[in-house]
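Feature list (source: Swiss-Prot):
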type	residues	note
BINDING	367-374, 976-983	ATP binding site
DOMAIN	21-301	domain 'ABC transmembrane type-1 1'
DOMAIN	334-568	domain 'ABC transporter 1'
DOMAIN	628-910	domain 'ABC transmembrane type-1 2'
DOMAIN	942-1177	domain 'ABC transporter 2'
TRANSMEM	20-40	transmembrane segment
TRANSMEM	56-76	transmembrane segment
TRANSMEM	130-150	transmembrane segment
TRANSMEM	153-173	transmembrane segment
TRANSMEM	258-278	transmembrane segment
TRANSMEM	279-299	transmembrane segment
TRANSMEM	628-648	transmembrane segment
TRANSMEM	660-680	transmembrane segment
TRANSMEM	743-763	transmembrane segment
TRANSMEM	765-785	transmembrane segment
TRANSMEM	847-867	transmembrane segment
TRANSMEM	878-898	transmembrane segment
Amino acid sequence: MRTNCWWRLSGYVMRHRRDLLLGFGAALAGTVIAVLVPLVTKRVIDDAIAADHRPLAPWAVVLVAAAGATYLLMYVRRYYGGRIAHLVQHDLRMDAFQALLRWDGRQQDRWSSGQLIVRTTNDLQLVQALLFDVPNVLRHVLTLLLGVAVMTWLSVPLALLAVLLVPVIGLIAHRSRRLLAAATHCAQEHKAAVTGVVDAAVCGIRVVKAFGQEERETVKLVTASRALYAAQLRVARLNAHFGPLLQTLPALGQMAVFALGGWMAAQGSITVGTFVAFWACLTLLARPACDLAGMLTIAQQARAGAVRVLELIDSRPTLVDGTKPLSPEARLSLEFQRVSFGYVADRPVLREISLSVRAGETLAVVGAPGSGKSTLASLATRCYDVTQGAVRIGGQDVRELTLDSLRSAIGLVPEDAVLFSGTIGANIAYGRPDATPEQIATAARAAHIEEFVNTLPDGYQTAVGARGLTLSGGQRQRIALARALLHQPRLLIMDDPTSAVDAVIECGIQEVLREAIADRTAVIFTRRRSMLTLADRVAVLDSGRLLDVGTPDEVWERCPRYRELLSPAPDLADDLVVAERSPVCRPVAGLGTKAAQHTNVHNPGPHDHPPGPDPLRRLLREFRGPLALSLLLVAVQTCAGLLPPLLIRHGIDVGIRRHVLSALWWAALAGTATVVIRWVVQWGSAMVAGYTGEQVLFRLRSVVFAHAQRLGLDAFEDDGDAQIVTAVTADVEAIVAFLRTGLVVAVISVVTLVGILVALLAIRARLVLLIFTTMPVLALATWQFRRASNWTYRRARHRLGTVTATLREYAAGLRIAQAFRAEYRGLQSYFAHSDDYRRLGVRGQRLLALYYPFVALLCSLATTLVLLDGAREVRAGVISVGALVTYLLYIELLYTPIGELAQMFDDYQRAAVAAGRIRSLLSTRTPSSPAARPVGTLRGEVVFDAVHYSYRTREVPALAGINLRIPAGQTVVFVGSTGSGKSTLIKLVARFYDPTHGTVRVDGCDLREFDVDGYRNRLGIVTQEQYVFAGTVRDAIAYGRPDATDAQVERAAREVGAHPMITALDNGYLHQVTAGGRNLSAGQLQLLALARARLVDPDILLLDEATVALDPATEAVVQRATLTLAARRTTLIVAHGLAIAEHADRIVVLEHGTVVEDGAHTELLAAGGHYSRLWAAHTRLCSPEITQLQCIDA
């Protein structure tokens, strides 16, 4: 890969031959003109010295024409060169996304989202930085070749002296290439790790906040950032070592040529004009030589980035697409023939599974969490290929079938209802984008989501936000079901499709499903007894083995494990009594103390929020000392660079014209000393700037991330999560890049301008007026450029965040996109966003291409004016030839910093946009305040006082006038239809959100007055969205209490019934879990979440659908543990399954965001209202007479 990455990149560049030819052609022509201009200068000076009054007007016309041609050629070179960079970056990004869309399950398990983000952003930017200079490489090489040719024509001895340093420069460049490549690659790997920490914390933000672990996540980031800091410092040291050295060697060569050329001119071997022309050529070549040396550094960084991007592009799925299409008409059978499979070699998850589903039959597969049900579904949809055996659909091995024909026949309802950004209608029609509104409405009606949609102001055009997290779990699940039904599949695979809906809605859905699957093959992976009414046969899985297959009655009779899994929860009344005496329950005064003691991880310094109205500015002030030292060294370096023209003037006027060779030698020696001093100062400046820049980056990233962690959940909705990831990664780097390089360039430019203007005024004030004639034009052009480019950069920055958000979304929902053959539409969406970003980049490049060459044009015009008028004054004896030469050299130096300032403005714009975004983020109010009340032990009284709440993305309020008082120690179950506001109530108690109106009080105190972290440390929360961080199973359980012992972790797992599932995993509690728990089933994740909440021993327990992914047997264990845990502590439970509601102290029924019923179980049943209907449906669904279950009329 490393050996051919340049060839691969050149292949991408060659896709745009027209742009390449135009850019190279303009570079070639511009180089020829630039090399020939010094010959014109030679002629003008020689004519001036000869004082023969030859007309200079023709040469003026030539110089002006050359300036105009150079402007046009520079515009073409810059525009098309930049356009190539943006086009290639877009091509690489699209190829990387296409590779992502091809991934099978194993590739998806291999790549983390952090790696994806870094490789498609930071690494691509490194490649783009090099591609911007592709035409410049040819220009510089041509300049060197033509320059050497011209210098050889002017003077062979001087030319030989000039090229002596080339081998030395080549050796140093080769050594720097080897060292920098390894260092940069290492730094990029650490950068990916940092991005991975940020992305995981953003994805799992609900879990982070639930357990008050914001500071812990910040510590993770600080730890990863320290490793990145060390790696980046090594790169900075190497750059400081090689960069100044490679730039100093050409300057030493110039001093050598000055000494020898001056001696030859004094001896009459060459004319003064020849010497000046040679010096002009050498000066012209010094810049390309330095630039090429700098490009070597950029090239090594770009190479490291290119290798990583190409690795992503070259990633291939392990499975091979078949060649046979699946018959489009026949009904399908599904058969597993002695199937064994493991995610890791020698660790089978499924063992010798032989199972068949006849065409038109419905098979239900039941099993405990971790038994292999979801893995079996993944094999049917061919996310993975079996290790042994075969999976056959319609009698054909799925490995022989084309993926497109296979997946077109399958409809999938996954256990995790993944939605995509867009509207509700677009998500329902995800598998059939050509569906009519009537077809979408029919599918929605079948999934019982239509009523909810009709309450929304925008109906089916309502945006669901990123991953649909603004909707309730039941609403997302019903949209996923409607999506599968609209697809009209011949084989329907459903993984607990109604686990998050209430009993009444489930009955209605079952009636629709019974009709929908009547003429098609269906496989239902379920933990719910009610879904078995749809099945013709049942298969029982346990620990990856098939225990039994048959009709529900047959299996019930002969399979003890089946009866155990589906046995309804026993009467839990006795458990309530036992719970009162249980030794695991502590007195109220002791509850929650360990959670508070063991989760307050403190890492002082790097993430303390700087106070004040402008926290970003205050933060940067902390580095005033190092930054001032860096800028002082830069100023010294710049002043040293202004001395050579004065020394040259002295050498020409005294050493050459007056034949005082000692003056020439002293000038050359002083110039050499100046170059050496400048090299030392430049090295020191680079070291200080490198260290300071990395320190600022470390600090800024930590502060921004820590502040983002403290924001409310609403900041992470829509594409807010992607924008936060961009702020912590790309935006902070843009600011520091400007401080490290742009600010240095600004200081150099300003010092240079001031110094040159002083020198020019001292030499000949009158000629300065000629230069000033161009300044108003330059100022007007700069203002116009700044105004036009500012809008472009802001839009481009926002669009980059959208590109990143789309990438993250499809990385998370890739299996759904593949299952519904939506890869091409995903590619189109990503292409549209990436192409918008590309077009904005090209627009910005056009502005740059218009502006920078215009600065060079003004410089050429000013040089022409000074040269002509100065030559006239030389003839008149007003100024010396040396003064004129010095003037011309200073003019070149004068407009160079102006151009660099303009170029620096490009970096400034990027940094300014990034700073604005970060300033806005840091200025966003956090739920906690400095005057927040510290939280001690909580009794647990919860009061909702006229509480209203509306989500930002919805006009319909989620809660409307909630008035409830929950005494301390009471267990309350919230029930109601999906979307009625139950989860929102839990989130308000957890203070994920603050009420729009009204107050939530705990122990008589408004939650907004509490220290939010201290308060959450008193809670135990299980959210609907299960998330675990990468690490071991033990780490996942101990997330809310990191210092818990192994015995305490195991005890928590046993108490919630998770221990058998964990011990069945490879390595048990040390089993490695991927970020988000992608290698675990929903049931396994839910058990870990329950154990996690149990371990913190909370004062208030909040459970939001904590058992929806569990089988009845495991649910019974969990419910007993919940009742034990709930004794003598306030417990709020959101439940669709009503088994636990019967034994709660109180039941609250919500509908449309209001409380419609409130009372005990027996009271509400006697009332005959909403709860009575829910209970009747629940009772029917959970009846032991499985074969006789009938859903009531919803």
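One-based numbering along the chain as shown.
Note that Cβ sites are derived from N, Cα and C of the backbone, with glycine treated the same way.
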Where LYS982 (ATP binding site) sits in the secondary structure, as DSSP reduces it to three classes: helix
Touch test for the transmembrane segment (743-763) and the transmembrane segment (258-278), at least 3 Cβ pairs under 8 Å: no
Secondary structure at SER371 (ATP binding site), reduced by DSSP to three states: coil
Spatial neighbours of the transmembrane segment (628-648) far in sequence, C-beta under 8 Å, 6+ residues away: 254-255, 258, 279, 667-668, 670-671, 674-675, 677-678, 681-682, 684-685, 688-689, 692, 743-744, 747-748, 751-752, 755-756, 759, 882, 885-886, 889-890, 893
Range from 56-76, 130-150, 660-680 with most C-beta pairs under 8 A to the transmembrane segment (20-40): 130-150
Least Cβ-crowded entry, counting other Cβ within 10 Å, from the binding-site residues listed as SER371, THR978, SER980: THR978
Sequence-remote partners of the transmembrane segment (153-173) [C-beta within less than 8 Å, at least six residues beyond its ends]: 242, 245-246, 249-250, 252-253, 256-257, 260-261, 264, 269-270, 274, 277-278, 281-282, 285, 289, 293, 296
Which listed residue (GLY367, PRO369, GLY976) has most other Cβ within 10 Å, given these are binding-site residues: GLY367
Chain-internal residues near LYS982 (ATP binding site), provided their CB is under 8 angstroms and they sit 6+ positions away: SER472, PHE974, VAL975, GLY976, ASP1104, VAL1134, LEU1150
Conformational class of GLY976 (ATP binding site) under the three-state DSSP mapping: strand
Tertiary neighbours of LYS373 (ATP binding site) (same chain, Cβ under 8 Å, six or more apart): VAL365, VAL366, GLY367, ASP495, PHE525, LEU541, SER1081
